[in-house]
Amino acid sequence: MTEVSTNALFPETFQGTAADIAGQIGLMWELIKAPLIVPLLRAAVYICLAMELMLFIERLYMGTVIVLVKLFMKKPDERYNWEPMRDDLEIGNGGFPMVLVQIPMFNEKEVYKISIGAACNLSWPSDRLVIQVLDDSTDPLIKDLVEKECLRWANKGINIRYQIRENRGGYKAGALKEGLKRDYVKDCEYVVIFDADFRPEPDFLRRAIPFLVHNSEIALVQGRWRFVNANECLLTRMQEMSLDYHFTVEQEVGSSTHAFFGFNGTGGVWRIAAINEAGGWKDRTTVEDMDLAVRASLKGWKFLYLGDLQVKSELPSTFKAFRFQQHRWSCGPANLFRKMVMEIVRNKRVNIWKKFYVIYSFFFVRKIIAHMVTFFFFCVVLPLSLLVPEVEIPTWGAIYIPCIITTLNSVGTPRSIHLLFYWILFENVMAFQRTKATFIGLLEAKRANEWVVTEKLGDALKNKEKTKQTKKPRGSLFGDRILPQELGFAVFLFFCGCYDVLYGKSHYFLYIFLQVITFTIAGFGYIGTIVPS
């Protein structure tokens with residue numbers, strides 16, 4: 001019976017010696033290709049093309065709206081009530097509202113002085129300002145340094161408070177929530193949040209607060225990030241291109257047309273009453289900022305983005321730090337979408353159009369589809385189609401539309417237009433990590449609530465470069481930087497590219513081999529700043 005079953009499944013031609021293995025594999029491939037591989041791959045192509053069209057329409061819509069906004073819409077201070085804050089001789093500083101500045105920190109040895117100093121130099125009456133350093137550091141030495149820096153500024157007459165907790169429950173969201181419970185905060189009307197690497201200009205509050213004072217429907221005023229280390233390495237240049245599109249287009253469109261966008265977690269001023277009405281800070285996902293923004297929006301509050309209100313910050317310049325950050329930024333929104341989609345659908349305080357925008361455009365296309373189509377189409381389906389000539393991908397889907405989408409994505413950073421092609425290859429590599437993180441968030445898998453604070457280098461690297469640099473031992477360098485998954489994709493793409501050279505007619509191998517190089521560089525960790533020991 002066993003013999004009959006085996007012969008039925010495998011023809012006699014498979015019963016050869018080891019020398020015939022290659023031929024047997026080829027024959028088996030031909031047997032399963034037509035009934036199984038071709039239909040599955042065709043279905044994958046159709047799905048990817050549909051997702052690509054969704055992303056294309058979204059980018060086209062965003063591009064059209066931003067052009068109309070720039071040409072015809074009035075500036076924020078003309079659309080909303082806005083008057084500068086002035087000193088009043090009769091009431092003194094009483095005309096200025098009480099403002100709380102929160103600076104969450106976690107072992108921020110390299111940047112704590114910069115952020116505390118920038119907050120203490122804000123141009124706002126000292127008796128109407130409370131600066132709160134929320135230090136969750138686990139290193140006693142760093143905690144001591146931060147506390148001493150707070151005492152130094154307190155001795156200069158600055159109202160600064162150093163706060164610690166017994167544990168890091170809730171991470172950043174927990175620290176912010178705990179900070180708002182302090183007795184000395186009860187008189188504050190507004191809270192501005194600056195992460196440890198953020199450096200606001202002195203006039204930040206004077207430009208932002210009037211929008212909240214004179215427009216009772218506004219809950220949040222968000223500033224734009226600018227990057228002090230954008231020119232440090234190619235990795236930071238790539239990040240600048242992605243984030244500039246986010247701020248120049250996505251945030252501007254959301255603010256101008258829907259009065260909704262995701263809070264960026266820092267560089268923004270909140271009305272404390274809006275935070276409380278929305279239910280306060282929650283730590284159910286790793287994107288507590290986006291969570292609060294969505295809940296406040298569902299309560300009817302509006303947000304305002306100010307593109308000319310800029311805050312300096314630092315981009316992660318090591319590949320390891322960047323990958324952890326991208327995991328959190330991709331996993332968190334997907335997990336929040338899973339938790340909130342029905343709450344958004346059932347909400348009765350916002351109109352259908354705004355619901356559609358939040359669910360479809362903000363979450364589904366930008367936070368889920370964008371990652372998946374980039375990875376599956378260009379790193380899996382397109383290479384596999386080279387092995388199966390029966391499955392054709394239309395030129396408009398493989399070349400024309402992706403080129404248009406990429407061009408639209410690049411409008412935020414004209415100075416880096418010459419890096420556009422490498423940026424595409426790099427984004428394809430990162431799409432693998434982002435897609436994996438998106439599935440983890442949607443399925444609420446093991447790493448769904450993983451929180452790794454993004455490492456900041458500050459001036460540490462510059463200081464080390466002033467001294468004699470020493471290289472890390474090769475052993476530790478290998479262990480820290482080799483990424484097997486990226487290298488595995490490089491091997492897979494190399495095989496597909498070689499097959500296309502030998503048997504294909506599409507000439508996609510030119511793109512495939514460039515993608516192999518990019519995956520290999522990433523796999524060996526030769527991206528970004530290499531920190532000397």
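Cβ atoms here come from the backbone N, Cα and C positions, even for glycine.
The transmembrane segment annotation in TrEMBL covers 43-69 (among others). Sequence-distant contacts of the transmembrane segment (43-69) (same chain, at least 6 residues past either end, Cβ-Cβ under 8 Å): 248-250, 252-253, 256-257, 361, 365-366, 369-370, 372-373, 376-377, 380-381, 384-385, 391, 393-394, 397, 401-402, 404-405, 408-409, 411.
For 190-388, the entry in TrEMBL reads domain 'Glycosyltransferase 2-like'.
Marked as transmembrane segment by TrEMBL: 356-387 (among others). Sequence-remote contacts of a segment are chain residues at least 6 beyond its ends whose Cβ falls under 8 Å from one of its Cβ atoms, and for the transmembrane segment (356-387) they are 41, 44-45, 48, 51-52, 54-55, 58, 61, 250, 254, 258, 260-262, 294, 297, 330, 333-334, 336-337, 341, 344-345, 393, 398, 402, 427-428, 431-432, 434-435, 438, 442, 489, 492-493, 496-497, 499-500, 504, 506, 508-509, 512, 515.
Residues annotated as transmembrane segment in TrEMBL: 399-426 (among others). Beyond its flanks by at least six residues, the transmembrane segment (399-426) meets 52-53, 55-56, 59-60, 62-63, 66, 234, 237-238, 240-249, 378, 514-515, 517-518, 522, 527 of its own chain at Cβ-Cβ distances under 8 Å.
Here TrEMBL flags 482-502 (among others) as transmembrane segment. Counting only same-chain residues 6+ beyond the ends of the transmembrane segment (482-502), those with a CB under 8 A from a CB of the stretch are 379, 383-384, 386-387, 429, 432, 508-509, 512-513, 515-516, 519-520, 522-525.
Marked as transmembrane segment by TrEMBL: 508-531 (among others).
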Q.
Quick test of the contact rule: Cβ under 8 Å, at least six residues beyond the ends. What residues does that give for the transmembrane segment (508-531)?
A. 232-236, 316-320, 322, 378-379, 382-383, 386, 398, 422, 425-426, 428-429, 457, 461, 464, 480-487, 489-490, 493-494, 496-498, 500-501
Q. Mean pLDDT over the domain 'Glycosyltransferase 2-like' (190-388): what is the value?
A. 95
